[in-house]
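Just below is one structure, and these are the notes that go with it.
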Amino acid sequence: MLRSRLFWKLFLGFTLVNLLTGAALVAATWGWQREGARQLVEREVATMAAFLTPAATAWAENPSPETEEAVRSQAAKVGAAIRVRLSDEKQLAIGKTSTGRSDRIQERVNLGPVTKPIGELIVERPDDRLGEVLARLATRYAFFFPFIVLVTLGAGYAVIAHLVSPVQALHKAAIAMASGAYRQRAFVTNRDELGALAGSFNKMSEELGQRLSQLQESDRRQATVLGGMIEGVVAVDDRQRVLFANDAAGRLFDFDPHQVVNRPLLEVVRSHPLHLAVKSAIASRAPQRLEVEWDDRVLSVQVTPLIGEPAGAVIVLHDTTDLRRLENLRRDFVANVSHELKTPLSTIKANAETLLLGAVDDKENRMRFIEGIGVQSERLEALIQDMLTLARIESAQQPFDIAKVNLEKAVESCLHDFKDRAEMKQIDLRAVPPLGIDKVLVRADRNGFRVILSNLVDNAVKYSPDGGAVTVSWAPMTVNGSPMVRIEVADTGGGIPEEKQARVFERFYRVDEARSRDRGGTGLGLSIVKHLTQSFGGDVAVANRAEGGAVFTVTLPAA
């Protein structure tokens with residue numbers, strides 16, 4: 001309370017008014033009291049004069065010792081100082097009377113007939129009666145005035161404190177609201193206008209708190225939505241200073257969204273085309289679209305101007321790198337399919353036309369044309385079957401019956417299927433089980449796993465030279481704490497150049513176009529192996545052997 005400037009303004013003003021009012025009242029009452037005291041003394045002196053007049057008259061008529069004694073006796077009774085002056089300048093003085101100017105009050109009485117007085121009686125008190133009365137009044141004033149002032153100041157303090165207290169409560173509540181406590185209430189018990197003001201303040205505080213809670217909830221929802229978007233979102237003002245950026249934008253441009261606020265966009269993202277697009281969108285108030293290449297990624301950018309003032313823009317970023325890659329793959333796939341289908345169809349068409357032109361009657365050559373049609377038909381059928389198989393695997397339309405597959409039995413069955421082809425090239429087919437382990441099981445679809453082994457062994461036999469060797473080995477292992485099984489198919493061929501190893505699992509990719517096609521491959525076998533392996537929760541890789549040839553490694557979950 002004592003630190004309140006409003007309190008001291010009111011209290012000092014109240015004190016000054018009270019002091020001035022008190023001083024005016026003291027001055028007025030002092031004048032009234034002084035006049036009353038004077039009238040009191042005048043009445044006392046008049047009474048003395050009336051009492052002494054008979055004796056003084058007797059002395060004036062017969063100045064003798066007896067009459068003088070009578071006058072002195074009467075004057076002593078009333079304690080008055082008198083002087084009797086006769087017309088012949090003779091006078092009688094009893095006590096000390098004032099002469100000239102004096103504050104003593106006198107009473108003058110003519111002695112004798114009214115028309116012809118014989119003398120004059122002058123009566124006054126011998127002491128300063130008026131001064132004594134005024135002194136007593138001054139003493140009373142000196143005691144009561146400070147007491148009244150103190151009482152008035154105390155009452156003023158209590159009244160002003162009572163008035164200022166609700167104002168202070170409102171002030172404290174307002175400061176608390178300004179510092180963020182929007183639900184702060186002012187506790188005022190007054191039932192006057194200040195109480196009504198406090199009630200309105202509390203109602204405003206409650207509504208403001210509710211509005212703030214709603215805004216905070218809305219901000220949280222907005223932040224959650226923007227944070228969960230895969231598209232990057234950046235908001236800038238008319239000076240291209242960042243107002244907001246979500247996590248996706250931070251990942252795309254490699255920055256911390258919380259540390260780029262209020263920084264220039266060009267400083268955060270050093271892309272001149274993006275800067276120009278934002279500038280154009282803000283100036284023209286029209287959306288802008290563009291593509292930006294950033295760190296081997298392709299970003300589709302939509303810049304939309306903000307409505308209202310101040311101006312600004314919202315930048316929406318979408319990573320179209322995968323989409324662009326898929327589009328390129330689609331074009332390559334269409335081109336490759338067209339190319340792969342064109343070759344057998346052209347051969348079939350040429351052989352058929354040759355037969356129609358008369359070769360069917362040529363006993364020596366017609367079987368060669370007919371066999372060519374058959375071979376290319378089989379190749380065309382194999383290509384279509386592989387394409388359908390790959391499409392079903394990628395679209396997850398082909399159901400898999402995941403079960404425990406015995407590796408040793410599956411490998412023996414697969415090698416038995418390729419035994420005749422291997423013997424034609426004098427290739428040694430060998431299965432190498434792990435030492436000390438009777439049975440190794442993997443979790444996979446039996447038919448799918450057979451396709452994986454068949455494609456890998458088929459490639460190994462194709463690309464191994466005559467007299468070479470194809471080895472299939474397997475062993476249990478642990479990957480990141482999970483039990484897995486590693487299956488390796490190794491050949492003794494020419495190997496695969498390192499720069500081409502990453503692409504051998506792509507559709508229709510051939511390390512050697514001419515030799516691969518001559519060996520009857522469709523170009524889809526390794527792609528099928530990759531997708532089947534991943535569908536079973538595993539992975540596949542390729543590497544060159546130090547002693548020559550290539551080794552394909554398939555990793556599948558152990559059962």
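Cβ atoms are placed via backbone N, Cα and C, with glycine included.
Quantities reported herein were computed from a predicted structural model and do not represent experimental measurements.
Annotation source TrEMBL lists domain 'HAMP' at 161-213.
The annotation domain 'PAS' is assigned in TrEMBL to 218-266.
According to TrEMBL, the feature domain 'Histidine kinase' maps to 336-559. Confidence in the domain 'Histidine kinase' (336-559), given as mean pLDDT, stands at 86.
Sequence-distant contacts of the transmembrane segment (6-30), counting only residues of its own chain at least 6 positions beyond either end whose CB sits under 8 Å from a CB of the stretch, comprise 137, 141, 145, 148-149, 152-153, 156-157, 159-161, 163-164, 167. The transmembrane segment annotation in TrEMBL covers 6-30 (among others).
TrEMBL lists 141-164 (among others) with the feature transmembrane segment.
For the domain 'PAS' (218-266), the number of residues in each DSSP class (helix H, G, I; strand E, B; coil) is 23 helix, 12 strand, 14 coil. Secondary structure counts, DSSP: the domain 'HAMP' (161-213) has 39 helix, 0 strand, 14 coil.
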